[in-house]
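Q: The structure is given below, and queries will be raised subsequently.
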C-alpha cells in the first residue's frame, strides 16, 4: 500500500520529450472517476462509479462524533488523515493553477466535487479548535482482511490529536488543505470558503502552539504513514497557503521569520510528497517573491527560491546531484509506489515553468541558464511515460489505452460488486476467493495511477504485487493539474506563453550582435475614470524568431474613499496571455483570490504580446 519514506533525498532528471499524441483530456476525465471510486460514506445521487455502494456509515460513532465520508487512501479501507489532507491540498492547487483549462475540458465541476468530498470530511474531523481526528480504522486489522468497503468487519476506531497528544504535521497539512480549498470555493460558495478558512486559521494555531509529530500521538499510523520529515515543513506549508488564502501579512512574515529555523531556506530537497513538503513551500514562496509581494522578507525568500531552483534543476538533470532514472526515462525514487514522486515532481515543474515565464525569468542551474519550457517538457515526458510511452508500452493509468494493469491491488475493484452479488464477503474469505484469483478485476478502477515499474522499467501485473499495482489518491492529485495544462495545448490560455530564450553566460566579452533593447518604462494613457485609475507600463521586451515580445504591467488603483466591488474591465486589442484577472464573459473581473479593492489600494495584472499595448477601460463597478 503506502510508501515508507526512509530517506529524504530523491534525485531527478530530464528525459527526452515524447511525441505520442496522448489524449490528456481523456486521462483528466478518468482521474476524477478514480476519486469517486475511493469515496467513503453515503454516495451521492450523481455517483458515476456504479459498482461502489455506501460504506463506513458508523465511522466515529463509538467516539461520539460523525466521521462518515472522506476518502480511502489506496487499496484498503482505512481513512488516513495526513495523505487525505495532502490529496485535497494538491487537488486544490491544481484547480487554482489550471482551473480554466479544466473548465474548458468540462471537468471543473468534477474537480470541485472531488475537493468538497474531502473538505466536508475534514470539517467534521475538526470539531473543536484544538481537536482533530486523524485516522479512522486501523491498518493492521484492515490488512488482515480482504473485503469490499461495503462489507467491512474490521475496526473503525477513530484516532485524534489534541493539546496533550499533539500532531503539528497533521494539523498543518489539514490547515493547508482547508486554506487552499477556500480559494477554490471563494467565488462559487463564499460561505463555505469562509468556513474552511476559519478552520484553517484555528488548525494553524493548534499546529504552531502545541508542537509534536502526529505519529507519536496516533501510533497506529507509524507503519503506514510515518512522518519522517517531522512537522517543520508542514508549518511553513500551512503558513504559505494561509497567506495565499487570506492575504494576511502575519503568515507572510511567519515564512520570513521562520524560514531558517524551520528549514525552508536550508533543506535542498529532491522529493516532494505527502511527507516532505519543502519543495512545495519553496515553490509557493518563489511565486510570492516573483510577483513582487515579498516586501521586507525578500532576502529570506530569495534563499527559499534558491532551494526551489535546486529541485527544478535536479528534475532536469542539470543540478549538482541528478536523477536516478529508469532506462526508459522515468525518475525513480523507490520501488514502493514510485509514481507518487513522479506526479508531484511533474506538477511542481509545470507550475514553476509558468511562474518563471510570467515573470520573464529563467532557471539558473549549475550547468547554465535553462528556459522555462524545458521544465514543462520534463513534466510532459513523465506524463507520457505514465500514459504508455515506455519500454513495456504499458499505461499505468487504469482504463487508459489498451494495455493497462488488470489485477490492481485494491479491495473494491478486485471483488465482485455488491450490486451484482450481494453475498457477504468474509474477512479471510476475500483472500481465498478474490485476492488469489488470477484474473482481471471484476470492476474497472478507471483513472487510478498504480505504483508503477521498478528501476529497470519492469512491471508485474499481479494483485499481490502491492508495491507496483496499488493505487493511491495522492498519485492522481498533482497529475490532474499537469493533465489540464497539457490538454490546453497552445490555444492561448493564460499560462501559455512564447518561450523566452535563455541568456548564454560567456567567459569573456563576445562580439556585439543586433539586439532589441528593452523599452524605457513609459506610462500608457487609458480611458480615465473618477474612482478607478489604470496605468500601463511596458516593462521588458525580447526578440524571438523574428518577433519582438513585450511584457506590459497594468496597475488598477482605487482612487475613491470607499471599497470597489464587482469591478469589470473591458480589454480590447489583446493578442497574448494575461495574468492577474479572471475572464468572465466578455469582461475581466477580480482574480479568484480577491473580491474587492479597498480605498487607495491597487492590483496588478500583466500580459505579453507582440503588439502595442491593449486598450483597457472600466466597464462597471460598485462602491460600498
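Cβ from N, Cα, C; glycine included.
I grabbed these lines from TrEMBL:
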ACT_SITE  409  active site
ACT_SITE  461  active site
ACT_SITE  470  active site
DOMAIN    532-612  domain 'Carbohydrate binding'
SIGNAL    1-20  signal peptide
Q: Which residue, of the active-site residues 461, 470, has its CB surrounded by the fewest other CB atoms within 10 A?
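A: With the active-site residues 461, 470, fewest surrounding Cβ atoms within 10 Å: 461.
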Q: In whole Å, note down how far the CA of residue 409 (active site) lies from the CA of residue 470 (active site).
A: 5
Q: Would you mind checking how many other C-beta atoms are within 10 angstroms of the C-beta on residue 409 (active site)?
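A: Taking every protein chain into account, the count is 25.
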Q: Could you tell me how many residues in the domain 'Carbohydrate binding' (532-612) are helical, how many are strand and how many are coil under DSSP?
A: 0 helix, 52 strand, 29 coil
Q: Find the average pLDDT over the domain 'Carbohydrate binding' (532-612) in the predicted model and report it.
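A: Across the residues of the domain 'Carbohydrate binding' (532-612) the model's pLDDT averages 81 on the 0 to 100 scale.
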Q: Taking only the Cα atoms, work out how far residue 409 (active site) lies from residue 461 (active site), in Å, as a whole number.
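A: Just about 9 Å between their Cα atoms.
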